[in-house]
Amino acid sequence: MSIFNKVTKSFQWGDKTVVMETGEIARQASGAVLVNIDDTVVLATVVGSKQAKPGQDFFPLTVDYIEKTYAAGKIPGSFFKREAKPSELETLTSRLIDRPIRPLFPEGFYNEVHVVIHTISLNPEVDADIAAMIAVSAALSVSGIPFNGPIGAARVGYVNGEYVLNPGQTARKSSQLDLVVAGTEAAVLMVESEAQQLSEEIMLGAVVFGHEQGKVAINAIHELVRDAGKPVWDWQPPAKDETFIAKVTALAEDKLRAAYQIRSKQARTQALREASASVLESLKGEGVEFDAVKVEALLFDIEAKIVRSQILAGEPRIDGRDTRTVRPIEIRNSVLPRTHGSALFTRGETQALVVSTLGTERDAQRIDALAGEFEDRFIFHYNMPPFATGEVGRMGSTKRREIGHGRLAKRALVACLPSKDEFPYTIRVVSEITESNGSSSMASVCGGCLSLMDAGVPMKAHVAGIAMGLIKEDNRFAVLTDILGDEDHLGDMDFKVAGTTNGITALQMDIKIQGITKEIMQVALAQAKEARMHILGKMQEAMGEAKTEISSFAPKLYTMKINPEKIRDVIGKGGATIRALTDETGCQINIEEDGTITIAATEAAKADEAKRRIEEITAEVEVGKVYEGPVTKILDFGALINLLPGKDGLLHISQIAHERVEKVGDYLQEGQVVKVKVLETDDKGRVKLSMKALADRPAGDSGRPAPAERGERRERRDGGASEQQQQ
């Protein structure tokens, strides 16, 4: 009899079979589920603390997604030969899993929960992120931890006008869409996508399609829970002290309402701090015992109620706008004198200084992903220091939020970048957030597009982004355009849309409540389009099209094509020729397998010199053409003349002069530069040369060779030097 109480559930999902197992591996975790989708295997474990820490005022959920290199049959390439810090993909996948599950833990549940996902086998054609989301949903559901799930998840592609479920790497190459959607049976909770300028209708259809497909996984998880679920924790939210709540509300409400009439963020924040301090002082003065953490939580609830009720009642928003108005926009291009491209994009109290840098192919980011190595020639980095929100904070390594915002901005812009053939540069864009009050990632999209155009990148279209919010109470709702930071915190949805005048290039949605309908998403998309068109108009006014010339400080790229068989000649023995070329011309030279050569230089003259020398190295000797070159070797029967780099020809003794030549050394010396004409070449690449063909014939010379010369000196019937001597 086995020591394991193993339970397995399998289901067909599109063209793939999904197998879920629990009860055999990681049995000491609160919940553990192994998911196998066509040889991609992930293990999701969940552990929850039975008690919340004293004074805990937020839900401490941690999600760690970890890819093991052995999953793809690889050994880590680092010095220590073991997995190191999380890659960007691991960080993004951790966020992707965190976002849909976080809203499903009950309000007031502050016990620490740690979710760990290991990818332990990988089929490159089956993405591990979807398998991981299903595994986490199942692990939480069987664990007994309070969780209002399960969730389902699906990836959606769009190929030939049809939606495709969970397309693999190969299928995605021909897809116009890469969208991941997650949600419960009742509602969508999270969307992450990039698209090739698709319409709002197609995007919404993809969300609905993915949500429906995710329900297949939810049904299977319900079956797994019925057979293997642990008892649900006997957890109850802390009882509310209604008397104390009423006391705090009476002390705070008027002060908070007054604070939310202040339109400036800094002044409003200061007023809110003073209101909070006043409430605490009043409670102390009245001798009321209280927990400061709980009072702060109550004040937040009161603030949310005030702001939400005002908006639903049709009153002005926090900064005085109505629900559809975009904050004032200011744009300045070419902000920095020596960068390749720059733009300052300001929308209300959100500001991004975005800088673009152009580099060569060698500057491309080489990524050793689990599914295979690849090069990325478009890099986008987002930085948000503490001063952007007027706060004191630590500066350290890049945070998960910064990585996520940078990836969203990159996804928004990548659809409108020129192809490598059109613009062979590696591009790095850095968005420095200098002020933030809502939607800094979308400001990065707008500023990034303008910065790229300022750098001379021929974008296919202007790209703008906008963040939408939602306030929903029962059947009443209001969609907010261009949300502020406070509206993000106090609202029910963060809905970011980026795109061009033709369609959407990126869509990200995070919903904190259940019950968001298709109709609400439709309204949000329509309102976002209206705002996007407004911002695009402002951007087009500021910069109608990309600069036609790149910065004088950027490297100039020149391309040329050579016969692939000549690549080794350009590289030379041990790379000697290519090293000499780069050192002597000051250029970077990159050679591809198809014979395409890219020359990067700061000055056109240097590039021209490098190009000329490469042309010399790869040139073919032409019959009938006159060349000038040095004598490289004297032979008894002639001399070897260098015609082109690495290419010599034989000047036979009979072709040196019209008169009879007894000794080659009487006419030629090594190093002497002479003009010669190419008489012929053979299929082995041997070249026959003549000097006398270029010299005037002496008077009285009949032109007939002397008997000893007929047949070009009978001692050499092969007509010249051996093949080895010519080479």
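Placement of Cβ uses the backbone N, Cα and C atoms for every residue, glycine included.
Going by Swiss-Prot, these are the annotated features:
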{"type": "BINDING", "residues": "Asp488, Asp494", "note": "Mg(2+) binding site"}
{"type": "COMPBIAS", "residues": "707-720", "note": "compositional bias 'Basic and acidic residues'"}
{"type": "DOMAIN", "residues": "555-614", "note": "domain 'KH'"}
{"type": "DOMAIN", "residues": "624-692", "note": "domain 'S1 motif'"}
{"type": "REGION", "residues": "691-727", "note": "region 'Disordered'"}
I need the most crowded of these binding-site residues: Asp488, Asp494. Count other C-beta atoms within 10 angstroms of each C-beta and give me the top one.
Asp494
What are the helix, strand and coil residue counts for the domain 'S1 motif' (624-692) according to DSSP?
7 helix, 36 strand, 26 coil
Which numbers of helix, strand and coil residues does DSSP report for the domain 'KH' (555-614)?
32 helix, 16 strand, 12 coil
Asp494 (Mg(2+) binding site) - helix vs strand vs coil (DSSP):
strand
